[in-house]
Each structure stands twice: as structure tokens, then as C-alpha cells.
Amino acid sequence: MVTTVVAQGTFDILHPGHVHYLRDAAAMGDELVVIVARGENVTHKQPPILPDSQRVAMIEALEPVDRAVLGHPDDIFRPIEELDPDVIALGHDQHHDDDAIQAELDRRGIDCAVERASAREPDSEEELLSTGLIIERILEERR
Ligand SMILES: Cc1cc2nc3c(=O)[nH]c(=O)nc-3n(C[C@H](O)[C@H](O)[C@H](O)COP(=O)(O)O)c2cc1C
Ligand SMILES: Nc1ncnc2c1ncn2[C@@H]1O[C@H](COP(=O)(O)OP(=O)(O)OP(=O)(O)O)[C@@H](O)[C@H]1O
């Protein structure tokens with residue numbers, strides 16, 4: 001039986017931390033589907049610069065990813081119901097509460113584990129493993 005893993009995030013300006021996360025998530029099962037957050041739903045930090053369709057296309061082009069889909073506008077569990085994954089791989093710093101997600105999966109009758117992916121640390125002082133930090137660097141150096 002094929003096991004499906006779901007990863008999710010904004011993925012605005014791509015960097016090696018994203019690749020690490022998606023490789024880690026892919027290693028948790030046989031196929032990896034990525035739910036890309038709608039820009040309108042990214043309210044806990046600055047919204048993405050790049051449009052939804054461009055972020056989906058870039059994630060789908062990455063080697064560990066089998067499929068990328070744009071998230072639902074109102075109900076983040078709707079795509080999960082449709083995809084029926086075996087594992088949800090949360091990013092190491094994603095603000096979602098693991099137990100709350102597990103409780104909602106149970107409530108909806110979805111048999112799925114919730115795991116945390118590992119973090120990748122910068123391998124040099126110059127490396128920027130955060131979209132927010134890349135944008136800060138651009139604003140500092142390209143005014
Ligand atoms: C299990 C799960 C499912 C999600 N599904 C959606 C979705 O359908 N639509 C959406 O806009 N965001 C969805 N999100 C939220 C975003 O992927 C994301 O967590 C957040 O908006 C972006 O912030 P981040 O990149 O800091 O994680 C989901 C998150 C989780 C944990
Ligand atoms: N250095 C990293 N190591 C491992 N995972 C990462 C790293 N950076 C981002 N991720 C993961 O990639 C996913 C998408 O990240 P997101 O789009 O929020 O980018 P980000 O670079 O963390 O952005 P920002 O720093 O602006 O919040 C999240 O699940 C996050 O945990």
C-alpha cells in the first residue's frame with residue numbers, strides 16, 4: 001500500500017530550508033503532496049510577495065514533491081479530507097499545535113499521524129534559510 005505524506009507552508013521565496021523540509025517529509029512515506037497556503041490566509045506574518053499560482057508551480061517542480069495543490073480558502077482540513085494522507089509532516093517551526101490538529105483529524109474520522117520535520121541550520125554565516133531574512137537582506141542591499 002502506498003503511504004501519502006502531506007506537507008504545507010507559504011513557500012514564498014525558496015531557499016535550502018524549504019528543500020530540507022520537503023526531503024524530510026518525503027522520507028516519511030512513499031509520495032509527497034504539498035498544500036501551498038493561499039496568500040489571503042497568511043495572516044500571522046507578512047503575506048507572500050509572489051502569487052499563489054507561482055508558489056504552487058515552483059513547489060511542484062522540486063524533486064521530492066509528487067504534487068502541489070493550492071490550499072482551501074476557509075477550511076484547512078478540507079484538502080486533508082480529500083487527500084486522505086497517512087502522515088501530516090509539520091515544519092519544525094510551524095505555529096500549528098500538533099495535539100489540536102490530531103484532535104480535529106480524530107473528530108473528522110481521518111486516520112492520520114502528525115509528525116514534526118527537522119530543522120536545517122545555516123552552514124555558513126552568509127546562508128539565509130528564511131524567506132523573511134532574504135527579504136530583509138534585499139531591502140538592506142538593493143535600495
Ligand atoms: C494540516 C494543514 C493544512 C493546511 N491547509 C491549508 C489550506 O487548505 N489552505 C491554506 O490557505 N492554508 C493551509 N494551511 C496553512 C498553511 O499551510 C500555513 O501553515 C500557513 O498559513 C502559512 O504559514 P507558514 O508557512 O509559516 O507555515 C494548512 C496547514 C496545516 C498544518
Ligand atoms: N531552515 C529550515 N529548516 C527546516 N525547515 C524549514 C526551514 N525554513 C523553513 N522551513 C519549513 O518550510 C515550510 C515553509 O516555510 P515558510 O514558507 O514559512 O518559509 P520561511 O522561510 O520559514 O519563512 P519566514 O522565515 O518568512 O517565516 C515550513 O514548514 C517551515 O518550517
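Positions of Cβ are set from backbone N, Cα and C atoms, glycine also.
On a predicted model such as this, the values are computed, not experimentally measured, just so you know.
Residues or ranges marked as domain 'Cytidyltransferase-like' in TrEMBL: 7-137.
Listed in sequence order, Leu128, Leu129, Ser130, Thr131, Ile134 are the same-chain residues at least 6 apart in sequence whose CB falls under 8 Å from the CB of His15 (ATP binding site). Summarising the annotation, TrEMBL assigns ATP binding site to Thr10, Phe11, His15, Pro16, Gly17, His18, Asp93.
Around the Cβ of Pro16 (ATP binding site), 13 further Cβ atoms fall within 10 Å across all displayed protein chains. DSSP assigns His18 (ATP binding site) to a helix in the three-state reduction.
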